[in-house]
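Undergrad: Feature table excerpt (TrEMBL):
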type	residues	note
BINDING	A:C639, A:C645, A:C679, A:C683	[4Fe-4S] cluster binding site
BINDING	A:C683	siroheme binding site
DOMAIN	A:5-287	domain 'FAD/NAD(P)-binding'
DOMAIN	A:319-384	domain 'NADH-rubredoxin oxidoreductase C-terminal'
DOMAIN	A:422-468	domain 'BFD-like [2Fe-2S]-binding'
DOMAIN	A:558-620	domain 'Nitrite/Sulfite reductase ferredoxin-like'
DOMAIN	A:630-768	domain 'Nitrite/sulphite reductase 4Fe-4S'
REGION	A:807-835	region 'Disordered'
Amino acid sequence: MSKKTLIVIGNGMVGHHFLEQFVASPAAEDFRVVVFGEEKQLAYDRVHLSEYFSGSSHADLAMGTADWYTENRIELRLNEAVTRIDREGRKVTTDRGDYAYDELVLATGSYPFVPPIEGREHPHCFVYRTLEDLDAIRASARDGKSGVVIGGGLLGLEAANALKSLGLQAHVVEFAPRLMPVQLDAEGGSLLRHKIEELGVQVHTDKATTAIVEGQDARLRMNFSDDSHLDTDLIVFSAGIRPQDTLARACGLEIGERGGIVIDDHCTTSDRHIHAIGECALWDQRIFGLVAPGYTMARTLSSVLNNDEEAVFTGADMSTKLKLLGVDVGAIGDAHGQAPGARSIRFNDEQAGHYRRMVISEDGKRLLGAILVGDNSHYDTLLQYALNEITLPGNPETLILPESQGGAPALGPDALPETASICSCHNVTKGDICGAIDAGCSDLASVKVETKASTGCGGCSALLKNVVDSELEKRGVEVSKDICEHFPYSRQDLFHLVKVNGIRTFRTLISQYGKGHGCDICKPTVASILATCWNEHILTTDHVPLQDTNDTFMANMQKNGTYSIVPRVPGGEITPDKLIVLGEVAREYDLYTKITGGQRVDLFGATLSQLPEIWEKLIAAGFETGHAYGKSLRTVKSCVGNTWCRYGVQDSVGMAIFLENRYKGLRAPHKIKMAVSGCTRECAEAQSKDIGVIATENGWNLYVCGNGGMRPRHADLFATDLSDDGLIRTIDRVLMLYVRTADRLQRTSVWMENLEGGLDYLKEVVLEDSLGMGAELEAHMADIVSTYQCEWKTAVEDPEKRKRFREFVNEPEKKDPVQQWTVERDQRRPVLESA
Amino acid sequence: MKAPTRWDAVCTVDDLVPESGIAVWTEDGPVAVFYLPHRLPALFAISHHDPISGANVLARGITGDLKGEPVVASPLYKQHFSLRTGRCLEDESVQVKRYPVLLDGGRVRLEVPCEQRQTSAA
């Protein structure tokens, strides 16, 4: 049987999510899938669109990759707009031809509504929807001073934030008497206004724009119906969205009175072979302008196409929680109390700037809705009460009162029913999480991978952690943080004990806080902690037996028991003379030579006893140890920067060398890699590093917590346009916090993901110094920097330390017989006789 | 009948590294000698040859104890070998040879099998 054809029109977030669901379903076997996208790019995350201005690229925002489409055999036709649907002939037409379909999915999304104001076609008037729009806004902002957003809703405030980040004086003009009129009431709106004005955004409510004309003090002037006016250099329309239903209209599908493609509970239109999902679809007279309901429709439709008759879309929760210009705003369910008999309880602390409103049912038993401004910490609990219809306590006001005034603590995970939705982006319930744990997930990270929970907007991360911890504990899985049988402590606990009690040896620590003699887990962990706290040489008598395989001989052990040597080449910059020395040493000892990914040279095949002699020669030529053997800073990779490159905007090599010399020798829970790129082309691949630095015209953008390897992760943008000093201070704090608080063998990425509050929390602690420990972290780093020594230099100068570098202490000339060699591509390589 | 053996002096106490191992070459091949000053006895000797990797590296592993059993962890693939019996804790079918060892004045002596010819390697 030949395959049927499924065509999807639209490659936005919802269309992409539908494809993800569909290709993983059984029906994918029966269909050839073709996708048409009007934009040039692959589907990207519009929810986080404004991050494009703070340094994210299309790749950061992309939902999938071209490879993903290829791997799943999806024909992706970008930049090819469908112009007509022929329902009789079941085909669609583009400017390049006709394509037949058996099933058609419309995921055409919406377009920004631009009110019919005279002068709206002016070239400095924009909408805020696509990456092209953002590029145009950025270009216009370059020689402007101020910008106005028309529309004080959710997207409008996002847009205002974007204008502010472009350096413009931002204004918001709203027709209604308050900001976010859909979600907030008068008190909530006025508090939000107050907070946003404090941040320097000017808010004008109750303003109807009548015309846009040439300005006097700026490029444009907006005239309002009350005869006032406002001059501005650019205008962004953000006055709501309208469903993109043009194709559907033209082919005669049923359309709602105010637009929108009418769908039934199966996400199917008036033509049973045509389906619609996302913001173009009208269900029960409603358009859903949020991503989560769109995702729910996408999942429903995928099930429908798999002939699952029970799959129905039954509406969606429109609750939202977000940070607008740094201000918490939350709205849940029936926030305005429109249900008959609904009553409200309000808490308003003007001093702290917190406003909370609960809407409860007539009988006082159910929470119908809520509004939060200034503090979203009650959101999760309130949402669970509303979504799961949990009976309210007798004195419901305690849910929104501060704890000091008798407020109830957050709803514990045990109180949630199995059906409670924990992650609404990926529709993960508490039951799903329990299922994943029963199927073998034993920690937060694996539950996230298995269920995708908390990998969308991330808003549920704290709740998810609570549920996972509580469920693990219930199953008798001791959520044990003990590092091994010798210490009933986590690495972080041990760090604290060592630091506070001034403990300087493993022996003291284990006799006071542990039992037994230690093992290959706790010894290297404690060695790393001692190095961070006191920075003594790793080969002193007390420390030498603690070191891991590679640290203990300060070289990397290879499979036949020989070692490789990596001298430090800071930033990858090396003089010809030094390069020649490396070649000469390698030739003298017949070392296999390879260039590493970190812009260094790795010399393989040295025996234990050769290591000190080789290092004597390298040190004499000015080399230092490269710590390739340590859980410590490896390299700082760099591109050539503005000294040579015609695109470079900063001296990336200089910064890389500075960073490498600053942090070399810092011991950490795992290896640390860094890179510095001299411009946004990112040739040093800084976004795949623990610490990535990318030059901007104004300074440096800092990315943190990326890595390559088995589970690659792009680094997150952490701070923008930092000065040299600001950059170093920020890295000092991030690294020191990581070194102090991460688990053993935890890379920065996993560490950050496991921090409660994740990236935002890290930003608060590091950038806003919310714990007041910034100065202490910097001082600790300064101390480590000042006590740096080249471990190899110290070792070769000390006969006691050199003594250990003997393969057989009783036969100095004896060659290890298992080390056999052959030649391949003109270099020596090991042949290992099988054991 | 027990094969003939002999107590060879392989190194001095100064060659030992507290809480760690060193390697010596004997007529029976490479042997790892561990010095754990906080235990009794304090000296252990097992083959230096790691049967899992095929390399001579066991003396360079981290020592410790697991449920009271003195062990060394292979520095290559991290299996644990009992210092008392030579047995691999992760795989019972794997065993390395163990050697009686003692301290004779300042000298460390190992009991190794000897050939008929009586030669002194010490």
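Counting begins at 1 with the first residue displayed.
Placed from the backbone N, Cα and C atoms, the Cβ positions cover glycine too.
What's the neighbourhood like for each of these?
TA: Just so you know, the Cβ of A:C645 ([4Fe-4S] cluster binding site) picks up 15 other Cβ atoms within 10 Å once every protein chain is counted.
Classification of A:C683 ([4Fe-4S] cluster binding site) by DSSP places it in coil, neither helical nor stranded. Neighbour list (A:C683 ([4Fe-4S] cluster binding site), Cβ cut-off 8 Å, at least 6 residues apart, same chain): A:C639, A:S677.
Across the domain 'NADH-rubredoxin oxidoreductase C-terminal' (A:319-384), mean pLDDT in this model comes to 87.
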Undergrad: Can you name the far-off residues of the same chain, 6+ from the ends of the region 'Disordered' (A:807-835), with a Cβ under 8 Å from a Cβ of it?
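TA: Tertiary neighbours of the region 'Disordered' (A:807-835) are 558-562, 590-593, 605, 607-609.
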Undergrad: If you count the other Cβ atoms within 10 Å of each Cβ, which of the binding-site residues A:C639, A:C679 comes out on top?
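TA: Max Cβ neighbours within 10 Å, all protein chains included: A:C639.
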Undergrad: Tell me, by DSSP, whether A:C639 ([4Fe-4S] cluster binding site) is helix, strand or coil?
TA: coil
Undergrad: Report the DSSP secondary-structure composition of the domain 'BFD-like [2Fe-2S]-binding' (A:422-468) as helix, strand and coil residue counts.
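TA: Counting residues per DSSP class in the domain 'BFD-like [2Fe-2S]-binding' (A:422-468), I get 25 helix, 4 strand, 18 coil.
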